[in-house]
Amino acid sequence: MLVNMKEILYDAKKKGYGVPAANAWNESTIKAVIAAAEEKHSPVILALYPEMADILAFGEVAVPLAARAAVPVVVHLDHGQEFVDAVKAVRAGFTSLMVDRSMASFEQNVFEVREIVKFAHSLDISVEAELGHVGKGTEYEETKNIGLTNTEEAKKFVQATDVDCLAVAVGTSHGQYAGTPELHFDLLKQLNEIVPVPLVLHGCSGTGDENLQKAIKLGIRKLNLYTDLDQAGLAAAKAAFAESAKTSMFSSLDDMLRGYREKLGYYMQLFGSAARV
Ligand SMILES: [Zn+2]
């Protein structure tokens, strides 16, 4: 069933588990995400990063598949950085939007997020914003202590914008880490005490199972995944190639999707979202 993010993240907050948000970009990966969720009886967030596919075309495929799913599925725009991205996602039937203005000033971030929240809420669409900035893993050593979320600002930001969930910068990073992830759990704990809405962690790939489970204990409810799923798909295809000297593209794609799906299922167990629906 097609739902917005508020419905599943508030249940996760109440019961103390995390929900994976997986980047998908075409019919095969959308189906792999939904299949993993159905196998594990887990809610899931199907997230489109706009550089990976056309927003309108993605919605045409994802929305009907999500609606037919046996479990709650959110169709979510990941890192919508332009106003037009939000408009396209609404037109395409997405149930959730991330409005990423984390590189703008606090005031500008509040202003732009609030404008989108107003129209999104009138359509029952949930909104995620980011405060502080989660950077790139390749620059981790130089940037890991830059742009961490400020607790007082986070409280003000949520009040001023009425967002449904907030992505925080507490030491994770997008893509593969150059270095060892160092999470600021004290900061996360403080943020969870002061911010009333569910918290979101970007850059979960490569962060480590123990760190992710601890982050969930301290209030993270949505965990963004791409690189680990991508690499698991690639590894599954390579292993299948080595074993059987594959001769068709068709079966190789199946191996990749199986690897991607199984890794996502693994995270559903780890995050505690499995067997919830
Ligand atoms: Zn992100």
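Just so it is clear, glycine is given a Cβ too, placed from its N, Cα and C backbone atoms.
When other Cβ atoms within 10 Å of the Cβ of Asp78 (active site, proton donor) are tallied across all protein chains shown, the result is 24. According to DSSP, Asp78 (active site, proton donor) is assigned to a strand segment. Positions annotated as active site, proton donor by TrEMBL: Asp78.
Listed in sequence order, Val134, Gly135, Lys136, Gly137, His202, Gly203 are the same-chain residues at least 6 apart in sequence whose CB falls under 8 Å from the CB of His174 (Zn(2+) 1 binding site). As annotated by TrEMBL, Zn(2+) 1 binding site applies to His79, His174, His202.
DSSP gives Glu130 (Zn(2+) 2 binding site) a strand state. Among the features that TrEMBL reports, Zn(2+) 2 binding site is placed at Asp100, Glu130.
The dihydroxyacetone phosphate binding site annotation in TrEMBL covers Gly175, Gly203, Cys204, Ser205, Asn224, Leu225, Tyr226, Thr227. In this view, Ser205 (dihydroxyacetone phosphate binding site) is surrounded by 26 other Cβ atoms within 10 Å of its Cβ, with every protein chain counted.
The closest partner of Asp78 (active site, proton donor) among the binding-site residues, by CA position, is Asn224; the full candidate set was Gly175, Cys204, Ser205, Asn224, Thr227. In this structure, of the binding-site residues His79, His202, the smallest number of CB atoms within 10 A of the CB marks His79. Spatial neighbours are here defined as Cα atoms within 10 angstroms of one another, and by that definition the neighbours of His79 (Zn(2+) 1 binding site) among the binding-site residues Asp100, Glu130, Asn224, Leu225, Tyr226, Thr227 are Asp100, Glu130.
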